[in-house]
Amino acid sequence: MTATKQHKKVILVGDGAVGSAYAYALVNQGIGQELGIIDINKDRTQGDAEDLSHALAFTFPKKIYSAEYSDAHDADLVVLTAGLPQKPGETRLELVEKNLRINQQIVTEIVNSGFNGIFLVAANPVDVLTYSTWKFSGFPKERVIGSGTSLDSARFRQALAEKIGIDARSVHAYIMGEHGDSEFAVWSHANVAGVKLYDWLQDNRDIDEQGLVDLFVSVRDAAYSIINKKGATYYGIGVALARITKAIFDDENAVLPLSVYQAGQYEGVEDVFIGQPAIIGAHGIVRPVNIPLSDAELQKMQASAKQLKDIIDDAFANPEIAAGVKN
């Protein structure tokens, strides 16, 4: 894919709640010119393609269709949302055994089509499945990207914005680490319109320290709350994936919190994909943005990475999984 290519094509693998929400966001925002949808349920993909096409007269021209893996050969971006859903009370990491096998099959099919673009992974546990997509594809790490903590960071900014009465676009704050239970807030660099959050709160006592702790917990556990109430989360992640797609297709060099490969950017954190800010453009990850972490934050990053690394090592100790490795 090049930054000058005018016709941009997405292949979406997984037409469940998240995949459908992402497809709808692409149509609404006019991102890309072609969208092929792959799922084991062909009736579903055909129905979604037809339904989405009926919105085009109100939005932007686009070719939308039920696709086969062979259609990925000339795609610019393959988005992976396929996998078994997270059940109430189930952690994202408990999904790993089941979804790794699904991921291996899908990635193999996509690569065999001749695909040579960028993988964007959203299936959970996303950090583990981004790693496995990299291993199974043999692609450069820059062209395998996970949605990471993009949604978590958006939730964090929105929660802070609501608490202090400021537009979320003027609140700059990141969640880093695993997209899941071991994620953490980078309080040391959170700011409101360039003013450090702690300094802002000295002059505007909208929330105390315990309130900040409670706010983070609500952000971390937001998915569980939503799943318990409606069965799944999909609108937020659908829009987050559309935002990442736009940054790639428009060669924005935007800084977004994504699941990216760790090669020692942070002491003690290596050979995992994990959430941190990164510059993203037409060719994938330009480079990670290594925010200086406080000692406490670095310890949380290391602990989060270790948890992911232990799960990855256990999974790839399975000969059937290891047999598919290309990287």
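The backbone N, Cα and C atoms fix where each Cβ goes, and this holds for glycine too.
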Subject >> Same-site NAD(+) binder from Val18, Val27, Val107, given that Swiss-Prot records Asp39, Arg44, Tyr69, Gly83, Leu84, Ala122, Ala123, Asn124, Ser147 >> reply: Val18
**OP:** Take the Cβ of Tyr224 (phosphotyrosine) and count every other Cβ within 10 Å, whichever protein chain it belongs to.
**Re:** 16
**OP:** Filter the recorded positions Val18, Ala154, Arg157, Tyr224, Thr233 down to the ones within 10 angstroms of His179 (active site, proton acceptor), Cα to Cα, kept in sequence order.
**Re:** none
Subject >> Same-chain residues at least 6 apart in sequence whose Cβ lies under 8 Å from Thr233 (substrate binding site) >> reply: Val18, Ala222, Ala223, Ile226, Ile227
**OP:** Work out how many Å separate Arg157 (beta-D-fructose 1,6-bisphosphate binding site) and Tyr224 (phosphotyrosine) at their Cα atoms, rounded off.
**Re:** 19
**OP:** Give me the Cα-Cα distance between Arg44 (NAD(+) binding site) and Gln86 (substrate binding site), rounded to a whole Å.
**Re:** 20
